[in-house]
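Reading through the structure tokens given below for one structure.
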Amino acid sequence: MFGNGNQNYLQLPTSSPDDEDVDPALEVNGSDQPSSPHDHMVLRKTIVPRRFYQLPYKLVCPLSKLGICLLPAFVRRRAGLVAENPNALTALDGVRGFACLFVFNFHSIYTYTNSLHNGYGLHNDDISVENTMYIHQLPFVSLLYRGRAMVCVFFALSGYVLSRKPLQQIRAQQYEKFQHTITSSVFRRGLRLYLPTLASTFLVLVAVRLGAFDRATEVRDSGEYIRGTNEEHPPILPNLMEQLQDWGNNCVWKLLNPFKWDEFYNNYDSHLWTIPLEFRSSLVLFLTHVALAKVRTGWRLGLTCVLIVFLIARVRWEVMLFVVGGMLAELDLIMRTWEDMPSGSNAEPILPSASGRLDVNEISEKPPTPEQKPRVRYHNIFFFVVALYFLSYPDFNSKDTPGFSFLWSVSPPAFARARRTQWWWWSIGASLLLWTISNTPVLQVPFKSRVAQYLGQVSYAFYVVHGPILHSLGYTLMPIIWGLTGRETNAGFVGGLLINWAICLFVSLWVADIFWRTVDKSSVRFARFVEERMAHRN
């Protein structure tokens, strides 16, 4: 009744582990049959088919793996589940991380108030004085939410990082390696940027159909709470087919169009307007490296400056930042070539020796003398402060803002005519910031902290996912929170904003962490896999 010889059973211990592995139920009458209903129950409890015994483990194991996957990376790393991954450019990763956090601050608040756009002490007939005397509008303090200025930091950093390896190979005259690097970068760039955005916007579409934006849309349409910038919001269409067509038109056809240079704000995540700009600017940067690969250093830097002047005249601030980032990468290599030059290569000389060449091997093997050890460069610290001031340039009305009206008056005429002087000064500030941090070790310290490094790791995922969370969870919670804190007083208004900011920040970082590990990293691997599968075998 309990077995037929073909069934595999597992005997479970019924007492202490020191007892012999014998089931007491089998010893009732010296046979393998139960002698009473009680013995029958004991036998059923102690002799269990293996497939039933393993069933809980088959359920628990995937659930435990899912639970570990849902843990943020910094928790898993602290628990020893994730290995550290140090980066040679860790300080720049930290800069990117903090910049992304400031972008989040901007987007989480500027939909509810217009005070973030103006500088402190603005004198304008259209804006009351009491709305321009807040402490958060002061220079340097406003950096905590100067989101559009941080976009310039992103672009300058991208140009720097994308150029570093190709320029190393150019300077070492390793043209075959350079060809492989640049073709690989061009091939994978679009996949790297657009696969995560397609995934995130499609998830927004799914969330819309599941009703995650229903209440948020009611709050937005009421006009009672959204008193600042009313961004593009995911539309709720009558049926799935119309929703898919709208998503395809916005997030595939228009967002992926490389031939339209105007800024495009799609309905499913308007914050992704920077992605097409970054893609096109990357291609211009790669083309610049190809065109100037075999040009001597002086000529390459000179022609790069000519290109930058042309881009300034055309008000192409985004492309200018990428090219400036590339030029800063080469200047950094020039100043510290002994650190980065591949040994044994025919290196392009910086300062000629008696024989007309620079002995790279000799320099790379020399230990630094006390005079060569890093020192605090006070002039770099000064320019770092200047960079932060430029990045504090207000979004609007800089002409009438004390402390920035002079900068407005000396802006390039092309930017002034286009009413984009803010982008000029943010670009200058981002370039100075990148240069001073990369060349001043003392300024790198805060950007090498664990918090900065973690933010840098998840920065792209954080940037991609935070918008939909603010538009769904943030819009839904804001009326509830203000109902508790009130918004008639400054304390209640600001307190409600900070509570909503903290909740959305926690959720955004958690979702970004999962998105980074599941989608962002997979996109990088997929792009490399596709390239390897399509490349020539030889």
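Backbone N, Cα and C define each Cβ position, glycine as well.
According to TrEMBL, the feature compositional bias 'Polar residues' maps to 1-16. Look at TrEMBL and you will find 1-39 tagged as region 'Disordered'. Look at TrEMBL and you will find 91-516 tagged as domain 'Acyltransferase 3'. Among the features that TrEMBL reports, transmembrane segment is placed at 143-162, 193-212, 297-313, 376-393, 423-442, 454-473, 493-516.
The largest share of C-beta pairs under 8 angstroms with the transmembrane segment (493-516) comes from 454-473, of the ranges 143-162, 193-212, 297-313, 423-442, 454-473. Looking at which of 143-162, 193-212, 297-313, 423-442 has the most CB pairs under 8 Å to the transmembrane segment (454-473), the answer is the stretch 193-212. Under 8 Å from some Cβ of the transmembrane segment (297-313) lie the Cβ atoms of residues 171, 288, 319-320, 323-324, 326-327, 330-331, 334, 348, 350, 412, 414-415, 424, all in the same chain and six or more residues away from its ends. Taken as a whole, the domain 'Acyltransferase 3' (91-516) shows an average pLDDT of 89 in this prediction. Proximity of distant same-chain residues to the transmembrane segment (193-212), defined by a Cβ-Cβ separation under 8 Å and at least 6 residues beyond the stretch ends, is recorded for 234-236, 240, 243-244, 247, 250-252, 255-256, 266, 268-269, 272, 275, 278-279, 460-461, 464-465, 468, 472, 515, 519-520, 523, 526-527.
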